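Taken from TrEMBL as is:
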type	residues	note
TRANSMEM	12-34	transmembrane segment
TRANSMEM	46-68	transmembrane segment
TRANSMEM	89-112	transmembrane segment
TRANSMEM	124-144	transmembrane segment
TRANSMEM	151-171	transmembrane segment
TRANSMEM	177-203	transmembrane segment
TRANSMEM	223-246	transmembrane segment
TRANSMEM	252-277	transmembrane segment
TRANSMEM	298-321	transmembrane segment
TRANSMEM	333-357	transmembrane segment
TRANSMEM	369-388	transmembrane segment
TRANSMEM	394-414	transmembrane segment
Amino acid sequence: MMKKFKRAEDKKLYSNFISLSFLHAANLILPLITFPYMVRTLGIEIYGLVIFAQAFISYFSIIAEYGFNFSGTREISLTKNNIEELTTAYNSIMTVRFILVIICFVVMAIIVFSFEKFSIHWELYFLTFGMVIGTMLFPTWFFQGMEKMKYITILSVSSKAIFTISIFVFVKSPSDYLLVPLLNSAGYIFVGIISIIIINVNFNIPFKIQKSINVWRHLIDGYYIFISTISTNLYTTTTTVVLGLVTNTTMVGYYAIAEKALRIIVAIFSPFTQTIYPHIIQLAKNSFEDTVIFLRRILNFTILISVFIWIIGFIFAEPLFHLLFSQNVNHSILIFRILSPLIIILPIASILFNVVLLPFKMDKYFSRIYMTGAILNLFVLGILLFVFKLSTVGAAISLLICEFTITIYAAIVIQRNNIKVFTFYK
């Protein structure tokens with residue numbers, strides 16, 4: 001009986017991994033098609049402006065998300081066998097997100113019309129905000145918690161494929177830059193609406209606004225993860241925003257090209273963490289020792305693969321960048337090489353935070369570590385930008401120092417809590 005159960009679990013895990021691998025293959029391939037095209041068509045300056053708007057609006061995405069991609073996944077995973085509790089959890093989280101989006105829109109509008117740097121391109125920010133609405137409507141946390149990754153794959157890939165085709169059809173010159181956020185937001189919102197219909201029809205869970213007591217409970221439960229995601233944003237997105245405020249959109253463009261290329265490479269590892277996360281939650285309930293052994297294997301495999309990819313990326317960065325962007329992107333190549341150790345660091349950090357700290361309910365450490373990283377990044381970034389005048393190079397160095405520090409911090413916390421995923425550290 002136990003062997004049969006284990007085979008069923010392995011089959012489910014494999015199916016989810018295949019679904020997420022396909023999704024992330026699309027997330028790698030489709031941006032590789034549109035990303036260079038947009039840089040060539042819009043030019044580095046206008047592309048930098050579009051990225052600056054996305055970075056600014058991402059603050060509101062983080063607030064509207066409120067960490068539910070992790071805390072929501074955990075709750076859905078634990079309540080999926082009880083339809084009443086599952087329905088309450090789903091609707092409570094959706095209600096919280098809906099309220100937060102309304103608040104975010106009002107705040108965004110006030111900021112945009114209060115400062116000239118934003119108001120001269122107000123249409124860009126309002127169109128980009130559609131991504132926040134779409135993110136709110138698309139409950140990836142529900143499908144992850146239910147371990148039904150195929151829905152995420154089908155919906156996300158369909159949306160991205162339509163966006164990719166639309167970019168090539170409609171964006172022909174720098175003057176078409178507003179179509180980029182319009183098409184992107186339309187795709188997000190469409191997928192969100194379809195996903196709500198699927199949950200209503202296939203899972204028999206209609207959306208209903210919940211009582212305030214359920215809303216407050218989820219706000220409290222998700223607090224630590226929310227603080228950690230805000231903190232993460234402070235040393236990733238804030239770097240782009242600060243560059244845009246103190247330099248210009250051309251510098252943002254150079255930096256964004258390098259960081260985007262790096263993030264696409266690192267995204268290769270996302271299927272591991274997203275697939276393993278709900279599995280680890282269930283495994284940790286049954287056997288602590290088996291969980292630790294499993295985590296060690298995943299970490300060792302991740303380190304091996306990431307080191308290999310880093311070597312390839314560092315060596316071939318120059319010819320690949322010139323091939324893809326056909327512009328003078330030597331500055332972006334320099335930034336990419338400075339950031340390239342993150343190809344090793346970020347996958348390890350993702351496992352430590354999302355697959356160890358969260359399933360073992362160490363949320364308070366999660367937020368504490370990220371807050372430390374955010375403060376460190378602002379301090380180092382300020383010194384490198386304003387004292388040493390290093391601009392984009394300073395931004396890259398600051399991000400690298402910050403990510404390395406919080407990864408070491410997380411590893412120490414995990415080991416000291418007797419979760420010995422690193423056998424060389426006692």
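Positions of Cβ are set from backbone N, Cα and C atoms, glycine also.
Keep in mind that what you see is a predicted model, and the values were worked out from it rather than measured.
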Give residue numbers and ranges for long-range contacts of the transmembrane segment (151-171): same chain, 6 or more residues beyond its ends, CB-CB under 8 A. 19-20, 22-23, 26-27, 30, 33-34, 37-38, 41-42, 138, 140, 143-144, 177, 179-180, 183-184, 187-188, 190-191, 194-195, 198
Does the structure show the transmembrane segment (177-203) and the transmembrane segment (394-414) touching, where I'm treating 3 or more Cβ pairs under 8 angstroms (sequence separation 6 or more) as a contact? no
Taking a Cβ cut-off under 8 Å, which residues six or more beyond the ends of the transmembrane segment (394-414) line up next to it in the same chain? 235-236, 239, 242-243, 255, 258-259, 335, 338-339, 341-342, 345-346, 348-349, 352-353, 356-357, 362, 365, 369-370, 372-373, 376-377, 380-381, 384-385, 388, 421-422, 425
So which residues does the transmembrane segment (333-357) touch in its own chain, when a touch means Cβ under 8 Å and the partner is 6 or more beyond its ends? 70, 228, 254-255, 258-259, 261-262, 265-266, 269-270, 272-273, 276-277, 280, 295, 298-299, 302-303, 306-307, 309-310, 313-314, 317-318, 321, 363, 365-366, 369, 392-393, 396-397, 399-400, 403-404, 406-407, 410-411, 413-414, 419, 421
Looking at the stretches 46-68, 89-112, 124-144, 223-246, which one shares the most CB pairs under 8 Å with the transmembrane segment (252-277)? 46-68
For the transmembrane segment (124-144), give me same-chain residues lying six or more residues beyond its boundaries with a C-beta closer than 8 angstroms to one of its C-beta atoms, as numbers and ranges. 49-50, 53-54, 56-57, 60-61, 64-65, 68-70, 72-73, 76-77, 90, 93-94, 97-98, 100-101, 104-105, 108-109, 112, 118, 151-152, 155, 177-178, 181-182, 184-193, 195-196, 199, 274, 277-278
Cβ under 8 Å, sequence separation of at least 6 from the ends of the transmembrane segment (223-246): give me the contacting residues as numbers and ranges. 48, 51-52, 55-56, 58-59, 62-63, 65-67, 70-71, 117, 252, 255-256, 259, 353, 358, 363-364, 366-367, 369-371, 373-374, 376-378, 381, 385-386, 391-392, 395, 398-399, 402-403
